[in-house]
């Protein structure tokens, strides 16, 4: 019976088998149909015709459509093409306004821009568009708008100027600086407007600084430029999407209804030729004005080929790949050494000392990312070890750095140190450090690129542009002459590196730009984006439109007809365009409104859009403490998004309670949270609430009786997360075959995988039992106390097994961190510890010294050179455990912790318990009252008072030992309960009692309910609820209870509790307090063993049965932790490299969408799900994980899921969410049409060509539980209700429903969600097919009526009709079942049998027997009406 022997290796040959899994890559052979076809990239050939037409329009040779005429318009036009109105606007006088405020015409003449003042003013007066190129610091941003305003003052003409800034902080600070310079009251003549800081009263404002997005949204809303006389677009070189689209809008409106508005383009590094061509017409070319100023200090530039011996050799196969080899880091270190030596020598010939030169000679090293910063810091650290005289003050500088780190960047270094700043491209322009004298530029950058066909983003390492490098070089020479070292060859820099970077419109998602084009309503999105300065590929626009249809922003149709490259905008699309968020985050807010979780959705969306909420974010890996703070905030939800909500709520509560900065900072440091990011997040939350309110989206006012409780709210929150981020769905891989289940336990030699981890590479010759305490010390950094750890070994194995004990009275802080499922938190912490450090050094004695040590100290026994560790004697016949031959037992349930842990006292022990109690409670045995609490130690047996009499008890721990009367937690040995007792309620045991009862095992045994697990609908952590506990207590109140023993594993009996109304286990399922579940492999194996022994009991004599039972009970005992005193460290002369710890429950995920099926999936290192374990190992059903976003590796092979949420372990949850939130789907039946077996979801397909519209995002969910026609009807009802919530009549801006109707829909949705998720669904066999991704014609199926026609976001699903199982097929399956049971007790070699019910191949008799015990097979038997006689 090697199958059950965990000490032996287990191997098998692969054979066809069925199992419960949705993993397409593991269930089907790789065929052409199973992989997506690579979508053809269509370039920019479409642009030429559209651009030529636009040039004619700009020259006045072609009449333009009035904005809004393209599709009838959604907003009333504020302006039209009436030239008289523009003439009036142009000559409007504003003399009264100029008298109201002080206008001083004296400008700063020291600024370089002043020399060009007259040229600039004249050019603006005579040209529609002017291009101004001025170096950073010349004064263009503050002065040019003032020059224009001064001209207006002189002529008395109306002037209204708007100036855009790429960053919020820039708009605010510049507006304040101009107001201060002109001595205007803030927010009068000059003001600012940014997304999160909006001034309410701007009537008197004539000079407005705003972010690019604010102006863009204003122009889209008004569809004219004539609200302003002058539009100044600053920093146009940055080329973000908002700027590029703003240029499209400005150019179009200049050519249509705003010909007299003046536009000024400004930048330090503008490509003047490109912008001139863009705004040129046949009759007008924009003038270019340059304003520059010379530098006070010179800058020398050096390239790699000029570094002499510092240069390194290239790999001939490298081909100038964008990367930093190890030699390049070393070269940078050598440059610093050269610089230092150069300054040391110069100090001898200069008045400036060497120390002064160092303090002013900071080195700024530009690196592409955090990983490279860490590598550079490590190289510098190694150098300082070799050169102690080199004292370096190393500072990291990146976008997510903490405020303390920012201060270090600007602060002078400690005396005698040189400051080395390791920076990303944030230091190009956002940060200026005056004391930088040297720049080492690796000429690299990281850019975020999104594949529009997959919506996967990837951070790619690429060569920086020359413009980037010039900006970086400009960081030196502020206080003295400087040097720039570019770590590329000069020829490569000049010929291979591009002049400018790739604009966002060519590398980032285009959703927001397309939505803006739809709102502007001038032309279809393709025609609008073709007018961009750098038009995107046509395929990118097409893919973006598909993505917008997927999220519900666009209808699939235009005027009722399907259009591949366009779609009418939905009200969801309008909402998404008005919220400053990614479309999926806006979708989260929309669904939050639908399910009355608007507050939660807004906070989560704001948090996900913020960078740097965690102070450790952006680093290569989170520190242990920072990572576990995420767990604290996630509170067992398995969701990064819930953690964001709880962080914000904690911060908000502290602010409301008057928390000051002094107390806020320690809190933020403790929980590794950025206060700055939280404050920004708070502003964004307020902004989102305001915008939602304007859109009619406010929370419903419900009575207290209608409010969902916390449990229902937690499930609804995960429902809307699943809806918002469809199709970012992943399934957690399961151990789906019997062999895989067995392997879980084989790896840890039969121990409990939910509480055990293991190390490897520890040879038996090391005699590990000597070092158990030292192994426990490895977990000190996790704050796991040694008394909560058991360390054991397996003879002949190189593994060290570490098992964690659970104790409800334990004060271990680890227990304060909740995790979902059955796995202990300590296991998660241990695996996370390995991710930081996979190998741990461990000191041991060599084998000979160890043998001498144990012999000298009398530890264990030594025989013929073989050491046997000491062991405690065990009389298994004294254990109060059920015999292998006992199926049913009667007795008392003495104590209930919950349905997964209660204690049973067999009726046969009643007399023993009574006699022992009588002896214990005689006066002579109660005479030792405890005067000094110090005599009590953990684990000591005492007498404690229980219900008026004293009983045996074990000291668990003291509750307190201060000035108050001491209390102790004690566990009653013979009853199982733990209570807190005063010291006077305790007695020391007499010697007589100790000798008589001290070694007597407990007269109870621990039980749990078999074949059921807690319902997720009653507890999101998969813990047993109070209601379930009350039902068990109620069933045990009538004293004697009958239980049926299913199995005995780890001395815990899995039982069924009989009541007058049937099995309690079944009653809990009926009341939705439990769900039916498989037992784990060990339990099923034990159950099978017990059944066979019980069947053969009548053929075995009494003594033989007793011997078999003793052997059985002895085999149930696990090795003990000996807790020996370890040898002194000075005697441990060998170093062992321990590997681990590992868990057999470590698992992975796979993507459900077609484009991701064959890719490896990882979870972001900072996620609470980064340690992904199979938290319910006995449950062979898929569990859904949803990510906020997905990042693709540079080679495209690996996906990283970010912002993940582990969905509730409700069977069928993934398919139900897919059906509820997908654009459309087909539910497929088995070949007999008797059950639904899979779901194909996506945007649908062309009914003529049968090709999918968006095959990359088509998703397959194979069903492992039964779904019925009624389920699909409920899903359709919910989809209809969601659409109804946003229904509006033509011409109405907001939805038509009043608040009462919305509340009614919300209540109906809640009721339907509860009905769907509360069903106890029977298991079905897997029906995998290579055609799962093929859309099929549904001509024979009656389509569902569509209340909203083709203008619905969630159309009704077609419902295939299910047929009854054919009687012939049923008889065939019943006959197959009989055959399986016939072979069940066969002991010889077995030919492969097939279970036709479950599509399972069975190769051995043990496999057959254990398969027959699975919930899948039992459910299938029930479905065909089979009963084993």
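For all residues, glycine too, the Cβ spot is worked out from N, Cα and C.
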Given ranges 234-237, 238-241, 242-245, 246-249, the stretch to which Swiss-Prot attaches the annotation motif 'DEAH box': 234-237
Cβ packing number for residue 134 (ATP binding site), 10 Å threshold: 25
Composition by DSSP (helix, strand, coil) of residues within the motif 'DEAH box' (234-237): 2 helix, 0 strand, 2 coil
Tally of residues which DSSP labels helix, strand or coil - the domain 'Tudor' (933-996): 12 helix, 31 strand, 21 coil
Sparsest-packed of the listed binding-site residues (136, 141) - C-beta count within 10 angstroms: 136
Extra residues within 8 Å (Cβ to Cβ centroid of 134, 135, 136, 137, 138, 139, 140, 141), ATP: 111, 112, 113, 268, 291
Number of Cβ atoms other than its own within 10 Å, given for residue 140 (ATP binding site): 27
Least Cβ-crowded entry, counting other Cβ within 10 Å, from the binding-site residues listed as 137, 139: 137
Protein Cβ atoms within 10 Å of residue 138 (ATP binding site), excluding its own: 22
Average pLDDT across the domain 'Tudor' (933-996), rounded to a whole number: 91
For residue 139 (ATP binding site), the three-state class that DSSP assigns: coil
Protein Cβ atoms within 10 Å of residue 135 (ATP binding site), excluding its own: 18
